[in-house]
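Listed in Swiss-Prot:
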type	residues	note
BINDING	Q87, G105, E106, G107, K108, T109, D499	ATP binding site
BINDING	C895, C897, C906, H907	Zn(2+) binding site
Amino acid sequence: MFGSIAKALFGSSNDRYVKSLDKIVRQIAAFEPHVQALSDEELAAQTPKFRQMLAEGKTLDDILPEAFATVREASVRALGMRHFDVQMIGGIVLHRGEIAEMRTGEGKTLVATLAVYLNALEGKGVHVVTVNDYLARRDAETMGVLYNFLGLTVGVIVPNLNEEQRREAYNADITYATNNELGFDYLRDNMKHERGQMVHRPFNFAIVDEVDSILIDEARTPLIISGPTDDKSDLYISVDAVVKQIAPDLYEADEKTKNITLTEDGVEWVERAFEDAGLLVGSNLYDVENTMVVHHLDQALKANVMFKRDIDYIVKDGKIVIIDEFTGRMMDGRRWSNGLHQAVEAKEGVKIEPENQTMASITFQNYFRMYPKIAGMTGTAATEAPEFFDIYKMNVVSIPTNVPVQRIDEEDEFYKNTMDKFGAIAKLIRERYENGQPVLVGTVSIEKSELLSEFLQKEGVKHNVLNARFHEMEAHIVAQAGRLGAVTIATNMAGRGTDIQLGGNVEFRIEDELRDVPEGPEREAGIARIRAEVAEEKQKVLAAGGLCVIGTERHESRRIDNQLRGRSGRQGDPGMSKFYLCLEDDLLRIFGPDTLFARMMNSNLADGEAIGSKWLSKAIETAQKKVEARNYDIRKQVVEYDDVMNDQRKVIYEQRADIMDAEAVGDVVTDMRHDTVNAIVGDACPPGSYPEQWDVESLKARVRDVLGIEIPLDDWFQEEAIEPDTIEERIQQLADAHMDTKITEVDASAWRSLEKSILLERLDHHWKEHLATLDALRQVVFLRAYAQKTPINEYKQEAFGLFEKMLDAIREDVTRILMTSEIRLRPVEEFQLPELPDFLTSHIDPFTGENDAAPLAPAPSMFGALPPQAGGALSGGFPDGDPFAGQGISRNAPCPCGSGQKYKHCHGVAA
């Protein structure tokens, strides 16, 4: 109570902060007469002038007022649009690395030009991040006119660009791209073998459009680059056949987590079924020998019970295509991980694609935290303000609207079941349709949108259905959703980023209707006609009440509901919004309290009758807050676990960069060889032990295997007081001499290139294996809680130990290959590094399978002078193909290179 009184008297902290920016807005306005008097050439010359001022020691804040005034005037001349004062406030907020919450239609795209231009003046690159390729292209084209006017270059990253095109786009002053393209390019860059092959340049400043969608909704879904493993189609099909016969009373399903647990009777039934199918080793399902088949069982249960066709995925052209739970869009090319996608393929009887092993991975949380400065824009961020600050250290600032909002938000209506609810929705839509009022209906799934479509067909209402099946036309359909009598059904927030303008979108109509009309009088007349028609139609729509937004059920997040409401009432237009709910809605069914069900079911609510209740609305809000809190906890957990991997990832990637930048890595190789010798001697001759306790034969064998040399160990033991340190020093000297002899027999330049190639390949190989090990650890570490231990602390401790073991394995691996391989090299000019294969990219929830740390030692200390990396098999590392040719090695024997693979799958491929 007292808080609300104080807020009324003094305003909120947000109001006070926005008011404090008025001084800067006035400074910007003071420069307007000056820039308005400049010619086009003089206005463009402001850019080199500002850059000179920065070179002389001025800061971006120093030149902000004049720079913003310059952009405002250039926008008037190049785009025909002038920034409002509230948009100037938004630009200042973005420049300061904060989130500007701006309502739909307030011109976020134009606001971004202010901060983008100012920060691009430093020449370090500015990334503007969008949610889809269409918006990246659109904004780069439309705003590119302004930037080019001011002498800045603009690039856009979209799929199917080659590496040279990507590099050129990243080197532009301003780069538009989707979050996925940026993340995957970063991962691919860190799998390459030469600095010149990389496309990214150092991180500087990013502005994220629809920041809540990218940094909140997709925060649980890591970007993954993976490569294929062995085919297990038969196992998936066999397990799926058994799962389809399991009765519902033999398992318990948790719809919140999408996990399935077999009952005791269920375990016994599955054991018998698996035994009959020849899938069980022994008689106990949970014996260690059955770990793999239990994993397949879990995924098959999840696929058959929890994942619904046309809700979680669709079958298109014989393939399983994931549906984005937030937008309803098809996620072509994305696959669930850990065998879930294969389990769904087996369920639907389509071709089962091989599983993939993770080669590189990163979450958006850790990707975007690499930027020294990051800002964001959205229409809905206030409800997630604590999370933005906790994880990204970004404040949310609500920017005032240029014109007061006139939209009317009506109270929710509750019905007993879906059919009653949809009947009422269809009736309201028909009334508004007959009145000419445009209607936008938001649904949560393809299934619901098609069900409502059937209702509207019976009512005789013409309408457009916008869902994952037809997302190619998404922007065009949404853009015209404000036309007279238009009825549009959209899954969730499809079409986000495209304004719904009352009367229709002039630019889209020009594009559609005048596509084939060349420049000239006829086209000019057509444009004038369209503008007049849109203006006339807008007046009719305004008279009909503006855009009517209907929600068919509440989303898990209040923010998503607010996004739907926000499509109506843009720039002071009238409008209304209303949500229809029923007991069968997912939110009420899964998360609603039992008392809600009891009171509703026991009420005398007749079929088709609706009720409105503050108690029910409060219960819905409570359920939403509960889900929001759960999802936030999941995202925080993702950050905690990924931070452990992220620390290790940064070390590995820094090591790769140092290796690629170095002209020679001989010192690194020598340090690794010496460390390997120390480890071998340390294992055989533990500190504090007596010579009688040393494992002499093991030491001989290990030296022979890893270093390829024989040592006079028996003679050394005849000496008095021989110490492990002395043995280490002597073995190092022998190994160094052996390596020096090998180096003198080959071309020096080619040898240096080979050393770098082997370092990178071994580093990449072991890093890939390490990722798989960490993933397996993460899946089971939660069980430590039963032993009264904290899972995250256990994970940190074990992950660090695994990382140290990986580094030891890399040192030994590189040493073995260089010391024991018989290598024939051509001169360096003929030496070609291997090309990066085309790996599969995916973006999958690590907890549900849905689409949706202790600091390490400094990098240079890991391997000595420089750091190491990981790589796959040595294909391409040896220009002459197989260095072991002619040695009579069996094709099924382990490859002498030490990769752990069979010879026929490694160097034997070349033979």
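Every residue gets a Cβ built from N, Cα and C, even glycine.
Within the same chain, residues at least six positions away from Q87 (ATP binding site) with a Cβ under 8 Å of its Cβ are E106, G107, L110, V111, L114, N402.
G107 (ATP binding site) falls within neither a helix nor a strand when secondary structure is assigned with DSSP, and so counts as coil.
For D499 (ATP binding site), the same-chain residues 6+ apart in sequence whose C-beta sits under 8 angstroms from its C-beta are T104, G105, A479, N505, R570. Taking the centre of the Cβ atoms of Q87, G105, E106, G107, K108, T109, D499 as the ATP site, the nearby residues of that chain (Cβ within 8 Å, site residues left out) are M102, T104, L110, V111. Take the CB of G105 (ATP binding site) and look out to 10 A: across all protein chains shown you find 21 other CB atoms. Look at Q87 (ATP binding site): DSSP puts it in a helix. Close to K108 (ATP binding site) in the fold, though at least 6 residues off in sequence, lie G90, A100, M102, D209, M377, T378, G379, each with a CB less than 8 Å from its CB. Sequence-distant contacts of T109 (ATP binding site), defined as residues of its own chain at least six apart whose C-beta falls under 8 angstroms from its C-beta, comprise D139, T142, M143, D209.
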